[in-house]
Structure formats: C-alpha cells, structure tokens
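Report on one structure; see the data block that follows.
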C-alpha cells in the first residue's frame, strides 16, 4: 500500500456562505484498496461547536492532533489562530509529532484554517477549504456552486459538493456528516 493513499484517503470540506460555516466529512475508512468502515466520524467539536475540526490521514494520528489542538485552544483562551500556529510549530519541531501523518481543517466564526505536518497554517481564499483524496473534487464543486447565483444554503452546497467528490474519489463515500459552527 502506498503511504500517499494511506494519508489522503478521505474528503473533508469546509465552507462559509453568508454567516453559516459548515464542515463536512465522508465516513469511509480505507486500508489500501479495502474499505474497513463506511460510517467513521472524522469531525470533532470543541467548545460547544464554537470550533470544529476535521482530519484526513491516519486515524490515530488525527485523534492525537485533535487532543493537542484542544489543549492549545484551552491554553490560549479559545484563540483559534494562535492555537493553530502554536500546534503547527510543535508539529513541525517535535520529534514525535513530526511523524504524524494527517492534515486538519479547523474553523470558528472568524477563521477557516488548513494545518499540515509541514508547519503550514493556511487560511484559504474564497471561504472554502478541502483536504484528502477527494478534496480537490469537493473544493471545485463548492467553489462553482458558490459562484453561481442560487438560493442554496451552506449545508446544501456542502452536501452536493461532497456527493460529487464521493462519485469521483474511490476513497470517499456518500455517508456525509456535517457540523455547523455556532
């Protein structure tokens, strides 16, 4: 099995439309070309849905990063941007953390951020971010739907985009879980 497939076998999408911020994730867990589970939960909420995070990559690594992020968020008084930067610095410089194979999207009312093991904290343009093997499909669909004149809600755009990604990416499925930042 390729390490690249192990790292990126999922789809996580986050978007903001008007005042609504949605993070969506598919439910498929794959190992190589085998589906191990179709209803995994890849999203976690922090501070009563004020901060939501989703991960792509190794499940154990993603959960370890959630714990580290949650500790940083508490340490820095729920300042997501500072917490993300501090986590990224630790992730890049710590001998143990550097080996973690995952990416994260985190969002609150003010920021949508992509965090990588390279120490990157990226705030994407156009209020849309996606990671994982189906990420580019979901990102493209969401950006297209958001650029059209329509009455679709953030939830509807996220669901349509995730379903398009699931149709195109063999490592993603249509068992979509969505969370809304409050």
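Quick reminder: no glycine exception, Cβ is built from N, Cα and C everywhere.
Per Swiss-Prot, the feature active site maps to 10. Taken from Swiss-Prot, the feature Na(+) binding site applies to 166, 169, 172.
There are 22 other CB atoms within 10 A of the CB of residue 169 (Na(+) binding site), with all protein chains counted.
The Na(+) site, placed at the center of the C-beta atoms of 166, 169, 172, has further neighbours from the same chain whose C-beta lies within 8 angstroms: 11, 26, 28, 133, 134, 137, 162, 165, 167, 168, 170, 171, 173, 174.
Around residue 166 (Na(+) binding site), the C-beta neighbours below 8 angstroms that are at least 6 residues distant in the chain are 11, 26, 134, 172, 173, 174, 176. The separation of the residue listed as 'active site' from residue 169 (Na(+) binding site), Cα to Cα, is 8 Å. In the three-state DSSP classification, residue 169 (Na(+) binding site) falls within coil. For residue 10 (active site), the same-chain residues lying six or more positions away in sequence with a CB closer than 8 A to its CB are 25, 26, 28, 29, 42, 56, 57, 132, 133, 134, 171, 172. In the structure as shown, the Cβ atom of residue 172 (Na(+) binding site) sits within 10 Å of 29 other Cβ atoms.
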